[in-house]
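S.K.: Okay, handing you the structure first.
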Amino acid sequence: MKLVLIRHGESAWNLENRFTGWKDVDLSPKGMEEAKSAGKILKEMNLVFDVAYTSYLKRAIKTLNIVLEEMDELYIPVYKSWRLNERHYGALQGLNKAETAKKYGDEQVHIWRRSFDVAPPSIDKNSEYYPKSDRRYADLADSDIPLGESLKDTIARVLPYWHSDISKSLQEEKNVIVAAHGNSLRALIKYLLNISNEDILNLNLVTGKPMVFEIDKDLKVLSSPELF
C-alpha cells in the first residue's frame, strides 16, 4: 500500500514569517499553486487513494482538496482530526519569528523551536488564540487542549490517531493520503522510520511536497523518500 504524507502549501503566515500553530490561517496564492503541483505529480505517478486524513485547519484541508481535485479523486472519504493539527506554539502564536528573536534572543527562540521536549511559553486562556473558544474544539476536554507544545508533546497527541485510524486503513490494504503540518508529520515520520529524538530535529519538511511511503499490511515500511 501507498501512504502519502504532504505538508500543506505555503500559508499566509508562513509568508509573513509568523508562528502559526493552531491559528486557522489560509493558504497563500503560492501555497495553492504548490498544492496543484502536488496533485499533478501524484496523478502522473498513477496513484489512486482510497481514503484521506487531515487536520481541523483550513491550510491543510484546502491543500488536500486541491490535490484530490487535480487527481479527480474528490469523492474519496476524508476524515479530519484535531490530533493532526500543527504543534501548538503557545504564547508565540501570531508573533513574527524575527521580532520574537530580537525580544527573547536567538538562542532562546531556537530552543523553543528546535528542542525535542521544551515547550514555548503557555498561551493565556483569555487570548484570542486559545483553542477552547473555537467551536470546533468545544467538545474536547480541557486536558486535551494544549497551552503550548514541544515536539514531544505533539508526538504524544498525534500517535493515538495513527494507531486508532490511519494505520487501520493501511491494514485494510487501502492507499492513504495525509495532509497535515510540519510537526504533526514529523511525529508520524519519526515513528514510522524510528528516527532518534536528536535526528528528528534536523528534519525540515517542504510545503506542498508529497512524500510517498510503501507500507505492507503489517505496517512495515518497505520504501520511503529521501528526507535528510
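Sequential numbering from 1, following the chain as shown.
Cβ atoms here come from the backbone N, Cα and C positions, even for glycine.
Per Swiss-Prot, the feature active site, tele-phosphohistidine intermediate maps to H8; the stated evidence is sequence analysis. Residues or ranges marked as active site, proton donor/acceptor by Swiss-Prot: E86. For 7-14, 20-21, R59, 86-89, K97, 113-114, 182-183, the entry in Swiss-Prot reads substrate binding site, with the evidence type sequence analysis. The feature site 'Transition state stabilizer' is assigned by Swiss-Prot to H181, with sequence analysis given as support.
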S.K.: Around H181 (site 'Transition state stabilizer'), how many other C-beta atoms are within 10 angstroms of its C-beta?
M.R.: 27
S.K.: Let me make sure I understand the structure: which of the recorded positions listed (R7, H8, R87, K97) has the fewest other Cβ atoms within 10 A of its Cβ?
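M.R.: Per-residue Cβ counts within 10 Å for the recorded positions R7, H8, R87, K97 bottom out at K97.
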S.K.: Would you mind checking how many other C-beta atoms are within 10 angstroms of the C-beta on W13 (substrate binding site)?
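M.R.: W13 (substrate binding site): 20 neighbouring Cβ atoms within 10 Å.
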S.K.: Using a 10 Å cut-off on CB atoms, tell me which of the binding-site residues G21, G182 is the least crowded.
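M.R.: Looking at the binding-site residues G21, G182, the Cβ with the fewest others within 10 Å is that of G182.
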S.K.: Let me check the 10 A CB neighbour count of the residue listed as 'active site, proton donor/acceptor'. How many other CB atoms are there?
M.R.: 27
S.K.: Need this for a regression test: recorded positions E10, W13, K97, H181, filtered to those with Cα within 10 Å of E86 (active site, proton donor/acceptor). What's left?
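M.R.: Passing the 10 Å Cα cut: H181.
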S.K.: Take the C-alpha atoms of K97 (substrate binding site) and H181 (site 'Transition state stabilizer') and report the distance between them in angstrom, rounded.
M.R.: 18
S.K.: What's the CA to CA span in angstrom from W13 (substrate binding site) over to H181 (site 'Transition state stabilizer')?
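M.R.: One finds 13 Å between the Cα atoms of these residues.
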S.K.: According to DSSP, does R7 (substrate binding site) fall in a helix, a strand, or coil?
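M.R.: Where R7 (substrate binding site) sits, the three-state DSSP reduction gives strand.
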S.K.: Where G182 (substrate binding site) and the residue listed as 'active site, tele-phosphohistidine intermediate' are concerned, what is their Cα separation in Å, rounded?
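M.R.: Cα to Cα, G182 (substrate binding site) and the residue listed as 'active site, tele-phosphohistidine intermediate' are separated by 8 Å.
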